[in-house]
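Just below is one structure, and these are the notes that go with it.
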Amino acid sequence: MRATLLLSVYNRKPIIRLPRVKHKFMESDNSSPKEAKWTLREDLHNQPDRAESSQAVDGRRSRSPPSGDRQRAAQQGNLSSSLYDQRSPTRDLKRARNEVQGNGASSRSNSFGVNQSVEHTALKTNPSEETSAPAGLVEEDPTSELFTFIGTKAEVRKRKKSQKRPVPERYSAEDVLEHDIKDLLGRDYVESLFAKGDESEWTPPGSLNTGSHTVRVSTFTVSGDGLALYQEEGTDRKWAILIPFAHPGDLVECTVYRHRRLYSAARLLETLEYNEEYRGGEGDRRKFPENGCKYFGKCGGCQLQPIPYERQLEHKKRTVELAYKRYSHLSDVPAIRDTIPSQKQWQYRTKITPHFDEVPKRIKELVKHSSWGRVGDPSVDRVMKVIEEEKSELGNDEELIKASGLKIDSRNDWELKIGFNYATSSRILDIEECPIATPILNAKLPEERKRVKDNILSFPRGATLLLRDSLEPPLPSSLNPFDPSMPITDAHIAVVDHKRPVYEQVGDKMFTFPAGSFFQNNNSILPSLVAYTKEAIFPSEEPQGFKRPTQLVDAYCGSGFFGVSLSDSFERVAGVELDLHAVEAAKKNAQINGVYHKSDWLCAAAEEIFANLPEAGFHGSKSCVIIDPPRKGCDEQFLRQLYDFKPITIVYVSCNVHTQARDIGWFIHHTKQHGVDYKLESIRGFDLFPQTAHVESVAVLRLVQ
């Protein structure tokens with residue numbers, strides 16, 4: 001029989017929790033509490049194992065063996081697995097706290113349901129009050145099995161979680177990377193590693209653990225990082241090395257800093273040989289030092305900027321091809337069309353969100369007790385400069401310098417950084433400008449940075465800034481927030497308030513929406529996106545049996561971008577969005593552009609819209625459905641309702657081509673099982689984010705009549 005030492009979560013005093021079994025107590029009633037305590041502990045050592053005792057008492061079946069740390073502790077201490085029962089440790093702590101009130105007694109039932117009074121005594125933590133054991137008793141080592149503290153439920157769960165290998169979640173960026181690695185190493189080779197069952201896929205070659213390594217980059221990952229094949233000399237062992245900012249064909253020197261399943265992540269030290277096919281882009285500072293971004297190689301964005309733009313477009317086409325090959329499970333996928341380029345490759349981004357971390361508590365305390373009253377940039381170099389200036393005024397008198405209190409304390413060296421994350425860590429890289437952001441945003445950024453620095457202590461935590469490019473709104477009329485009949489100026493302003501309205505023009509349509517809500521961030525390519533979508537719905541060369549849709553359903557409509565932009569081609573338009581503020585913006589945009597009379601805008605989850613559409617006069621036999629979901633894609637409930645609605649045409653726009661391929665594959669398989677035939681007619685990428693690896697994908701499905 002064993003007892004377990006617990007620590008009270010309230011007073012931090014150790015308490016003994018006794019197993020709920022039948023105990024043999026002293027028969028003497030005149031024993032002191034101290035004697036009772038030690039006699040009880042001695043009695044615990046003389047009891048049989050709890051598993052045997054419990055089976056002998058009530059014949060209950062023993063529980064399954066524990067796992068992880070608990071199992072090892074049970075083996076080392078010969079503890080019964082029943083000690084680690086399925087009761088909540090947190091509840092046991094509360095029970096122990098309630099039972100132990102000084103030397104008070106509590107009542108509990110044994111296995112037969114008979115109440116027994118158990119005397120509990122809290123162990124004293126004050127050394128001066130410690131009680132020695134009676135003669136003949138040896139005090140147990142607190143680290144022995146008798147004092148095993150299994151932890152609260154949350155602690156146990158956290159410990160188990162830390163022991164698990166981080167297997168990638170399906171369709172995540174890590175899962176996509178693993179597919180890239182399997183293609184590099186060979187899928188048969190990887191499957192042979194998995195089949196061994198010895199976790200060798202987690203064990204890198206030993207030679208990777210020291211020094212730097214020279215490797216030839218083999219290919220790009222989908223995310224735009226270099227991927228090299230590493231083979232240990234004298235063995236057939238293969239491994240992958242992930243190297244950001246390295247390009248296929250480059251010979252590079254790198255150093256490994258982290259190991260994962262099937263690969264190791266490395267930092268690029270030097271490029272020894274360049275592959276000229278991947279050099280000479282407009283942002284290649286190796287060839288054109290005055291171009292590109294000065295933060296390239298450190299910042300986690302714009303992985304592709306040194307590459308010629310036509311190569312960037314080829315990479316994004318390959319990304320779409322791989323997504324459908326890996327995730328759609330379709331045998332008949334049309335040839336992926338060339339990626340539509342962006343009209344602007346730089347200064348295109350109409351929204352940026354730099355962020356900063358919370359001021360450390362020690363810095364807040366330092367400022368609170370200083371005469372400065374504000375946090376500047378107390379880095380070592382700047383502080384040293386101030387000290388040198390002070391010393392020059394004080395002269396070389398050591399006593400005066402000492403009395404001034406001038407000193408450097410590295411613990412108080414902290415610098416506010418406002419920007420984006422480093423490529424190889426979650427630390428923030430300080431950014432003063434962003435060359436892919438519009439000029440008005442770069443002009444506004446220094447002002448916002450100064451505002452944050454001057455008021456940094458007013459931020460209780462770290463925060464994310466918002467800078468959004470907006471047309472300067474025209475003068476309002478009596479009916480509209482601005483008059484669309486008035487000439488549109490080219491004047492732009494930067495909006496930093498999430499709730500303030502923003503104005504953008506796409507083709508001949510005007511849009512307004514709150515600055516913090518979703519809207520595509522590259523205005524220069526949006527007219528091409530609208531024109532392509534319109535041509536996909538109403539092809540100039542109509543296929544045999546083609547039926548023109550007269551109704552448009554814009555699912556995940558946001559501020560009504562597709563619904564309003566394509567409204568001239570339809571008799572009726574319906575849009576649905578979960579965000580109420582976005583729905584209000586969509587209604588306003590329909591009103592501004594004169595299509596409010598033939599549109600319906602609903603605030604509801606997209607998964608719920610199809611049940612109500614027939615009542616509103618929308619029918620699948622007359623409709624085209626545009627889907628533009630978030631990165632996670634559509635869920636099965638939505639796709640089933642889409643099948644039940646059976647629209648003539650489906651246009652699926654996605655910022656995550658991997659979940660798009662999954663959804664379309666599921667939808668086509670599901671419809672064929674139910675005797676309905678949808679044809680995947682075309683797939684094409686759009687480069688909404690030049691210099692980065694991201695690609696927007698547009699897929700068109702047509703109901704075969």
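Every residue gets a Cβ built from N, Cα and C, even glycine.
Straight from TrEMBL, the features:
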COMPBIAS  25-52  compositional bias 'Basic and acidic residues'
REGION    25-114  region 'Disordered'
COMPBIAS  73-87  compositional bias 'Polar residues'
COMPBIAS  88-98  compositional bias 'Basic and acidic residues'
COMPBIAS  100-114  compositional bias 'Polar residues'
BINDING   Gln520, Tyr556, Glu577, Asp628  S-adenosyl-L-methionine binding site
ACT_SITE  Cys655  active site
ACT_SITE  Cys655  active site, nucleophile
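Here the features listed in TrEMBL are placed on the structure.
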| residue | record | Cβ within 10 Å |
| --- | --- | --- |
| Gln520 | S-adenosyl-L-methionine binding site | 20 |
| Tyr556 | S-adenosyl-L-methionine binding site | 23 |
| Glu577 | S-adenosyl-L-methionine binding site | 28 |
| Asp628 | S-adenosyl-L-methionine binding site | 21 |
| Cys655 | active site | 18 |
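Glu577 (S-adenosyl-L-methionine binding site) falls within a strand when secondary structure is assigned with DSSP. For the pair formed by Cys655 (active site) and Asp628 (S-adenosyl-L-methionine binding site), distance between Cα atoms is given as 8 Å, rounded to the nearest Å. The record gives Gln520, Tyr556, Glu577, Asp628 for S-adenosyl-L-methionine. Within 8 Å of the mean position of their Cβ atoms, the other Cβ atoms in that chain belong to Phe518, Asp554, Cys557, Gly558, Phe561, Phe562, Pro629, Val653. Looking at the residues that bind S-adenosyl-L-methionine per the record, Gln520, Tyr556, Glu577, Asp628, the two CA atoms farthest apart are separated by 16 Å.
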